[in-house]
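*Asks:* Before I ask anything, here is the structure I am working with.
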Amino acid sequence: MSEPKPTQPIKEIDEETKRKNEEKKKAKEAEKAEKLAKMKEKEAKQAAAKEKELQNKLKKEQEKKEKEAEEKEKQEAEEKIVREHIEKILKTPKGEKKDVSSLLSSYHPTAVESIWYDYWLDNGYFSPEKQMEIQPHVVKDKKFVIVIPPPNVTGSLHLGHALTNSIQDAVVRYHRMKGEVCLWVPGTDHAGIATQVVVEKKIWKENKITRHDLGREGFIKKVWEWKGEYGARIQGQLKKMGSSVDWSREVFTMDDQRSKAVNTAFIRMFNDGLIVRTTRLVNWSCALKTAISDIEVDFIDLEKHTKMSVPGHQGQYDFGVLFEFAYQVEGSGEELVVATTRIETMLADTAIAIHPDDTRYTHLHGKFAIHPLNGRKIPIITDSVLVDKDFGTGVVKITPSHDPNDYETALRHGLEFINLFTDEGLINENGGERFAGMKRFDARNAVVEALKEKNLFKGMKDNKMRLGLCSRSKDVIEPMIKPQWYVKCDDMAARAVKAVRDGDLKITPKTHEVTWYRWLEGIKDWCVSRQLWWGHRIPAYHCIIKGVKSNPYDTNQWVVGANQEEATQNAIEKFKLSSKDDILSLEQDPDVLDTWFSSGLFPFSVMGWPEQTQDMQDYYPTSLLETGSDILFFWVARMVMMGQQLTGKLPFEQVFLHAMVRDSHGRKMSKSLGNVIDPNDVIKGISLDELIAKLYEGNLDSKEIEKATSGVKSDFPTGIAECGTDAMRFALCAYTSQGRDINLDIQRVVGYRNFCNKIWNATRFAHMKLGDSFKPESFDASKLLQQSNAINLWILNAAQRAITLSEEGFKEYDFSKVTTAIYSFWLNEMCDVYLEMTKSIFSLEEDSPIKQKTKETLYTCIDIGLRLLHPFMPYLTEELYQSLPRRPEDVIPTIMLCPYPQSQSCWANSDIEEEMKQCQDIIKSIRSLRATYTIPASKKLHTYLHVKNQENLERFTKNSSFIRVLAYASELEVSISDESRPGCIVNVVNENVSTLLDVRGSVDFNLEIARLETKKQQLVKNYETLVSKTTIPSYDKVPQNIRDDNTQKIKALDEEINITNKTIESFTKLNI
């Protein structure tokens, strides 16, 4: 048993514990103090960082403010220079050239487009007489003549008109430059129904009066006032767009000479038996109380039962449904159920039709039915044309006076015609006492109720249908039987068809010929009378003679004449009267002619027809009719028919139809959508607020304004930037691709404004490099090639290609082809390549032969480029052309009369083109690498070209200076190699060439290694997929060309994988 250990005194233990606790406490306090110090240090650092960040932010904001202030100051200074420049040029005396001795530092449309139109106009350059006087290369017996599709005087021109005029002016300017004697005749159209409607809306909106309050004479006076205002506005717009029309020959379709032509045409065609008065079914607008043409009917598609409002009515009505009701067969309890979309017309039913082969109704042949609401006995007829026995009940109601199909059926069976409506669309006395005086769609509801009372209404169901609306009033079109004047079209249409089939008249695009044949071979007589006040009053007089019963529906009781006296004399001769006293009454028809009648005479009436004027002899027939494809039948066909009938000649040799302009969403332009664009707003620019304010200037109602405002805000949130006339014209022509509608995006027009700036700067560059003393030599195409260098030969080859493509495009009416060729020449070849390459040449001594040769080449290409561009951009090209020095032989005072560039076959050089293309591919490859790694152009990098053979080594070594400049390289080494280089990124141009950039110090290599690994995975995947295709058993059956192509692709992928691996290895070694 061990001895017990001596115990430590309690006091000592307590002291030790206390000491240890104190040490722990101190340690904790020290640790806490240290943490607190660290925290304070961290907070101090954070505070310092925040302070630094704040200071940096403040510094950046200050720098931004200073930069903005500097830019604003610079912009204001530039704007001041531009304002002063414009003020100076606006002082140019009318008709004199603008001073272009100093060009602004950048392109400004307003400055460029000032003065030149007055210069052209006042010097008579638009007239063929002046052209023949001063154009040295004019060919006087070769003419090019077009007439403008006359815009309606209903309002301002829109972008559709701008497209038409841009195309026409481009074509006219091209032919004028080619030395053909050019005449482009301007004019406006009175647009009967359209103009009457807008003026009626205007006087109601302003004074709450109708045309009937003013009377015919007073209202016509108001319309002439409107024509004066808007005719002048249209003329101003055409001038602003640069249209080179001969204003000395301007016409209006209701001026004295055109009115004489209309009267003469009507009288001749009446006397020839081509115009007759008869009662037929027409499109009737109850709101306007007139017949309207097919083109003035808009159709909407209804998929199912739809409630709709109708002008002049309260509430909404049922459309898109079939109403079913029953007729009772006379003398029996049998019912025949019929279905109709227009149940109100049953009040004027005069028959029920069944199919002759329908055995269900054989027993009813020759029987009658009793009208359920008026008790009238109506026949049950058999008709295999109208009735489809398998549709519905196989029974059809017949309303001859209010349905086209029923009308034709009634003519076949000799049925009674009962007119149900007044001109205003009210039910007349034929509808019965219960319904007379009702509005037609109120009658729809009332008829349903009346049938329900008799238990004869069987219900209604959804029915897909097309509903015709008046384009002017939006009222539902009512087919109505009305006495009207008609032109017999069969023979004229047959001649028009033959003209196209025989190739005497060409239609471009050719696809429209199908429409031409379909319309004209199925043509019906043309209703030419309108129940309006504004228009050419019909020169026909109803004659009531002693002893003869009056019948205004009988054509034989009508005579024609240019005035009352002539009509009286014609009546005496026609009816073999002893004197005018035998005429009890001779009253002129109050109706006016369809606008298309006078428009149909336009190509020859503008030349002075019916007189045989000098213009008729010199300029008719015209060369081309250019217009929208939507009026091929309504205008073009009628001009052809009337031209052949009245002059014995086709009015033009060729028709070119452009597509329709729509908004960027592909929607038809409509004021109520707010997407109708005024060309002036594109030319000058306009703010959003101003765009919205313009909506209130028209005749839109409050709901339409609200809808249009929403559309404007959506499409133009910041308004429309100033683009200028030239950019707008070029954009519109560039959009034209035959047969396709144009979905116009204003941003594309802005892009072409920037293109104008490129051309401006290119010409300013030429001025600086040519020098004030430069005088170009007489033009000698072959001499330019002598002792020149590759870049000069290349740009001449590019010019030759642009000329060739432009000529082809104009001949084919492929304006997109022309604009693309010109755009590519100026931007891709002149600006992006040639001008950059000439900088080193222009740094040589002044007497250097290659420098002088380059000056001549540069001048030649600028001159050619401006002439090619002139038909599309007349203002910019005139300004820059006038700023250039002249060759000794160039004495023409304006670019518009200069010769269009001629093809120079000696400049065509396929070898130099291919060589430069390969160089450009290399440049694109290098630039692509730089863009991928976000390396700015200002950062010059050592660059390598690895090639596979001696031929490529020599080719690219020879062009290395050219490549180096455009690839932003500090040095360019060309060698035969397939090795990677330290610190280099690689791009494979093709199987023969790779580009390498030394990016050490410019790129984060760790980031790039990760990117390259991802790239390699995709390359390997593509490689394995392609290889697996070649291992299938049936691969030998694959066509040889495809197998060869696969072999090349596999080889290229393998090579790119190897290069990528080497690059990853190189980057890894750098360990950066």
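Numbers run from 1 along the shown chain.
Including glycine, each Cβ sits where the backbone N, Cα and C put it.
Below are the features listed in Swiss-Prot for this protein:
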type	residues	note
REGION	1-79	region 'Disordered'
COILED	10-90	coiled coil
COMPBIAS	16-79	compositional bias 'Basic and acidic residues'
MOTIF	151-161	motif ''HIGH' region'
MOTIF	668-672	motif ''KMSKS' region'
BINDING	Lys671	ATP binding site
COILED	1003-1069	coiled coil
*Asks:* Residues of the same chain, at least six outside the motif ''HIGH' region' (151-161), with any C-beta under 8 angstroms of its C-beta?
*Replies:* 188-191, 194-195, 198, 226-227, 230-231, 233-234, 237-238, 628, 660-661, 669, 676-680, 682, 698, 732, 744
*Asks:* Please spell out the DSSP helix, strand and coil residue counts for the region 'Disordered' (1-79).
*Replies:* 70 helix, 0 strand, 9 coil
*Asks:* From the DSSP assignment alone, can you count helix, strand and coil residues within the motif ''HIGH' region' (151-161)?
*Replies:* 3 helix, 1 strand, 7 coil
*Asks:* Can you give me the average pLDDT across the coiled coil (1003-1069), rounded to a whole number?
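*Replies:* Averaged over the coiled coil (1003-1069), per-residue pLDDT gives 87.
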